[in-house]
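Inspection log for the structure reproduced underneath, given as structure tokens.
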């Protein structure tokens, strides 16, 4: 294809969920509730961790605060545009905005995967090597691991984005999802994308699957090393919330990215699960099962409004 014909498409049209105004009005209210809840819950955790001396000095809660920040970023990449599209029949997104959305989606998403793996390592050290926990998981190491998570996400997203922008787009321009992501976007390229798909599946699929395997292996190791029933019960209680986050986040990601980029009708709902629902659920999962966080929130509430 001639080089001058490679980027004829300047705008994409997002499929959204429905073309019925009454249905989209109801969905707007529902997803606005999800987005506001995501902000309230995650900001509350971040402020609570930052304001409580004990939580702020604990590696686990330092990582949790960073997870909440990533959840905010992750949700903000897609949900505001989705809310705007519920009120706009055209649902247009400029090519540059589409690529930017794709980049930040994978940047923050991959960073969160790596951070969840770091949090699993933190729980392994805390439960299996409690006497050395504060020495091993120092604040300096935690900062390095968080920075490494962000860097890993940046490298991953840069690779995905470079592979995408090198493709020619000359029509059609209808993205079969409510946001720009690699699978539906590269299907619109005016060239054979088999090799590109293989590279992207190897990249995204490998990261999500290998991170999930590492997480499950770390929890399995924790349970194997703990002999007493009481110790296992406490370990399950401590790691239960983390396992719920892992299942909610990694399951859909593996389904979307660790297979050939074929479009299924269920893809939109799966995308909602890890783009919208999981960032909202994380604060609930951690606070409802964590007495220390609930106690710190109560103290913060009393201090603020008394």
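In case you wondered, yes, glycine gets a Cβ from its N, Cα and C as well.
Within the chain carrying the transmembrane segment (27-49), a Cβ under 8 angstroms from the stretch's Cβ atoms is held by residues 17-18, 55-56, 61-62, 64-65, 68-69, 71-72, 75, 79-80, 82-83, 86-87, 276-277, 279-280, 282-284, 286-287, 293, 296-297, 300, all 6 or more beyond its ends. Residues or ranges marked as transmembrane segment by TrEMBL: 27-49 (among others).
Look at TrEMBL and you will find 41-286 tagged as domain 'G-protein coupled receptors family 1 profile'.
The transmembrane segment annotation in TrEMBL covers 61-79 (among others).
Here TrEMBL flags 99-121 (among others) as transmembrane segment.
Distant neighbours of the transmembrane segment (141-159): 59, 62-63, 66, 103-115, 118, 121, 203-204, 207; these residues of the same chain sit at least 6 beyond its ends, with a Cβ under 8 Å from one of its Cβ atoms. What TrEMBL records for 141-159 (among others) is transmembrane segment.
According to TrEMBL, the feature transmembrane segment maps to 205-224 (among others).
According to TrEMBL, the feature transmembrane segment maps to 236-257 (among others).
Note on the transmembrane segment (269-288): residues 31, 34-35, 37-38, 41-42, 44-45, 64, 67-68, 71-72, 74-75, 78-79, 82, 177-179, 181, 241, 244-245, 248-249, 252-253, 255-256, 294, 297 of its chain, located 6 or more positions outside it, place their CB under 8 angstroms from a CB of the stretch. The transmembrane segment annotation in TrEMBL covers 269-288 (among others).
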### Message
Using a Cβ cut-off under 8 Å, which residues of the same chain at least 6 positions beyond either end of the transmembrane segment (61-79) come close to it?
### Response
31, 34-35, 38-39, 41-43, 45-46, 49-50, 55, 101, 104-105, 108-109, 111-112, 115-116, 118-119, 122, 139, 142, 146, 178-179, 275-276, 278-280, 282-283, 286, 292-293
